[in-house]
Amino acid sequence: MITKRTSLKIVALGAVSAAALAMGGLAPAFAQTKELKIGFVGVTSGPAAAWGTSNVRSMQTRADWLNEQGGVKIGNDTYKITVVTFDDQKDPRRAIAGMEKMAQEGIRYVVGPNVDDGAAAVRPVAESKGIIYFPYAFPKSLYEKPASNAVLGMVANYQSAPEIYKFLKEKKGVKKIAFVAANESDPLSQRDGGVAAAKALGLEVVAANDTYQNDTRDFTPVLTPIVRLKPDLLVLSGVAPGNAPLLIRAARELGYQGLISAETAQDATVLQEGAGALANGFISVGGASTPEIRSKTMDEFIQRYTKKFGEYNDESNTKVYALDYIIETLKANPAAIDNVEEYKKTMDTFTAPNPYVKEGHPLKYVGTTSFGQKRQVSVPMVVTEFKDGKFETLFVGSVD
Amino acid sequence: MEQVVVNGLYLGAQYALIALGLTLIFALMNVLNFAHGQMYVLGGFVTYTIYGQMKLPFVLALVCSGLTLAVVGAFCEKFLFRPVIRRSKRDESTMLLAAAIAFLLDAVILLLFGEKQRGVPKIINGVFLSDTIVMPYDRIVVGVVAIVMIATFVLYMQYSKTGRAMRALAQDRVAAQLMGVNVERYSMIGFALGAMLAGVVGGLLVTITGISSGIGGPISIKAFMMVMIGGAGVVGGAIAGGFILGMMESVGLTVLREFGDITYLVIFVCLMVFLSIRPNGLMGKPWG
C-alpha cells in the first residue's frame, strides 16, 4: 500500500533526480567558463592611497565590463576575470607579503607595486614563484637583464623628461630650470634623472637639492628660496597628485610666473579644487587622457568608472592599460595562462589594437632602448597642459 | 630674512592651534590621543563638504566642523576612554585605544570621502606684497584667526568656570574631585573641547592646504613634537612648541636647502639633545 508519506518521498526523489539530470546536462556548458585571477599589490591607504586606488578601480571597472560581456576567450576556454587585491600600505615588507599571498593563490600576473622600494622588494618573490608583475616604479635594474619578470606599467620620467624639456626649450624659451622633490626614493631618483636630462639639453639648473617631507601641508617655506632664483621652469619631480596643487598654489602666490611641470600623472579635479586658476599652464604626463585622442571605448570606460565609484581619477588614463596588456598577451599565447616563460616569449612579438585611443599606438611591449629588452608597456606619452579644469594635449610622443 | 620670519610665525600659529587640543586632552585625562590628526582630517572634510561642495558659508562650515568633532570627542570619552580608564590601571590601555580609534577614523574617512586630495575655494583672494615680504591674504587671515582662537582659548581656560574646573582637574584629579568638581562631566567637556579644536583647525586650514584622507598620522606626529618641545599637558607649552617648530622649519628650509632635506633631521637631533637636557620640555612638570 502506498501511503501519503511514501508518495511524498517518491515525488521528492523524482524532483532531485530530475534536477541532477538537468544539472548534468548543463555541466559541460558551465565547465567552459573558468576563472582568471589577476592580482594587485600596491598602496590603497595612507597619504599615497590615490596611486593604488586608481589602479585597483581601473582593474575592477575593466574586469566587470569584460565579465558583463561574457568574459574573455583565451584559447578554447572562456574566463571570468577576478581581481585579487592587497594593500601594501607603501611598505616594502607588506609588499613582499602581498606577493607571497598572490603566489599562494596561484596567481601568475600581478599589477603593482606603486613605488620603487616596494617593486624592488617583491622581485625575489616574483622571480622565484614565477610571477610577472607590472610596477609603476622606475629603477632600471628591475627591467634590465638579468631581471625579466617586471614590466614597467607607464612611461618613466627619464623617457618623458627629455621630451618635455626639449619642447619647452624650443617652444617656450626655457633656459633656467629648478627642481623640487619629496624626500623619498621615487621622487629623488626622478629628480636626479630630470637634472641629468636638463643638463644634457644645455639648460642651466639653478636648484637641484631642494626637497620636502611628503607630508608637508604648506609649501610656502619650501618654495620661498626657489622662487627667488627666478627659474623659467619649475619641475615638481615625482610629485604625488595630492601635493601638486599645494606646490603650484604656493609658488604662484609667492609671485612665481614661470612654467611648472611634472612627469607624473595628475588628476584634473584635484588640481582644480586645490589650485583653481593658479594651476592653468601646468604641464604633466598622462595616457589617453584628452578628448582629442581618446576613443569611444575610453569614453565608456570613464563613464563606467564614474558610475561604479562616483568620481573618475585621471591617473586611470594610464592605469587602465595593465589589465588589457595581460589579457591580450594571454589571448595571443594561451599557453602563458599558467606559464610565465611562455608569456615572456610572446612579449617580443606581441601586438594588438589599442582600444583606448582613436588611432595608432598599438598595444606592444617596448623598452629596448632604455632596458635592453622589451619590459615596458607601450602607452601614448601624452604631454598635457592644464587649463580651466581640463587637460589639453600639448604633444603626443612614444617610447621605443 | 623677513619673509623667513613671517613664514615661521604663520606656520607657528597653525601648529600651535593643532597642538592645543592634544595637550588639553593629555592634561585632563593623561591620554595620548593618537587620533588627534584623524580628528583634524575629519574636521577638514566636514568643511570641505559644507563649504566646498554644498557652497554654504565658510563660517557655518567651520562651526559644523567644530560641533561634529565635539560630538565625536564626547562620544569617545564617554563610551570608550571612560570605561577603559575605570577598568585599567595601565596607561598603555588608553594609548592602544587611541591608536585603534585613529585606525578606525582613517578607514571611515577613506570610505566616506575617498582617496583624493580635496580643496575648497579661497576665502579671500589677493596677495600682500612689499619689498621684502610676500604673503597671500588668506594666509594672513588664517594666521590672525589662529592667534585670536589661541588667545580666546587661553582666556576661556583662565577665567571661565569650566576652564577653572578643567585646570583644577589637570593639576590634581583627586583634589578637584574632593573640592566638588564633577570629574566625569569635565573630562567629557575637555575631551570634546580638544577634539573640537582639532576639527576647527582642520576646517580652517582646508582653505590653505586642502585635505586628504591619509594625512592624519603625520599631523599627529607633528602635534606630538610640539607638545614634547613645550611640555606635555601645558597649554602655554603647546603654543610655544608650535611657534618654535614653525620657526625652525622656516629657517631650516631656507638656510639648509643646499644640503638637501636635512631640516627635519636637524630638528629631530635638536629635539633629542633638548629632551636629554630637559626631559619635561620647556614648561612641563615631572610625570606623577
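From the backbone N, Cα and C atoms, a Cβ is placed for every residue, glycine too.
Taken from TrEMBL, the feature transmembrane segment covers B:12-35 (among others). Long-range Cβ contacts of the transmembrane segment (B:12-35) within its own chain (Cβ-Cβ under 8 Å, at least 6 residues beyond either end) map to 76-77, 81, 85, 91, 94-95, 98-99, 101-102, 105, 142-143, 146-147, 149-150, 153, 166, 169-170, 186-187, 190-191, 193-198, 200-201, 204-205, 216, 219-220, 222-224, 226-227, 230, 232-235, 237-239, 241-247.
Per TrEMBL, transmembrane segment is recorded for B:56-75 (among others). Long-range neighbours of the transmembrane segment (B:56-75) within the same chain, counting only residues 6 or more positions beyond its ends whose Cβ lies under 8 Å from a Cβ of the stretch, are 39, 42-44, 46-47, 49-50, 123, 188-189, 191-196, 198-200, 202-204, 207.
For the transmembrane segment (B:95-113), the list of distant contacts is 31-35, 37-39, 41-42, 45, 48-49, 76, 80-81, 84, 213-214, 216-217, 220: same-chain residues at least six beyond its ends, Cβ to Cβ under 8 Å. Annotation source TrEMBL lists transmembrane segment at B:95-113 (among others).
Per TrEMBL, the feature transmembrane segment maps to B:140-159 (among others).
Taken from TrEMBL, the feature transmembrane segment covers B:188-211 (among others).
Per TrEMBL, transmembrane segment is recorded for B:223-247 (among others). Same-chain residues lying 6 or more positions outside the transmembrane segment (B:223-247) and placing a CB less than 8 Å from one of its CB atoms are 5, 8-20, 22-24, 26-27, 30, 32, 36-37, 150, 153-154, 157, 170, 267, 271, 274-275, 280-285.
What TrEMBL records for B:259-277 (among others) is transmembrane segment. Long-range contacts of the transmembrane segment (B:259-277) within its own chain (CB-CB distance under 8 A, at least 6 residues past either end) are made by residues 225, 228-229, 245, 248-249, 252-253.
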Sequence-distant contacts of the transmembrane segment (B:188-211), meaning Cβ under 8 Å and at least 6 residues beyond its ends, amount to 14, 17-18, 20-22, 24-25, 27-29, 33, 36-37, 39-48, 52, 58, 61-62, 65-74, 76-78, 81-82, 117-120, 122-123, 138-139, 142, 145-146, 149, 153, 162, 166, 169
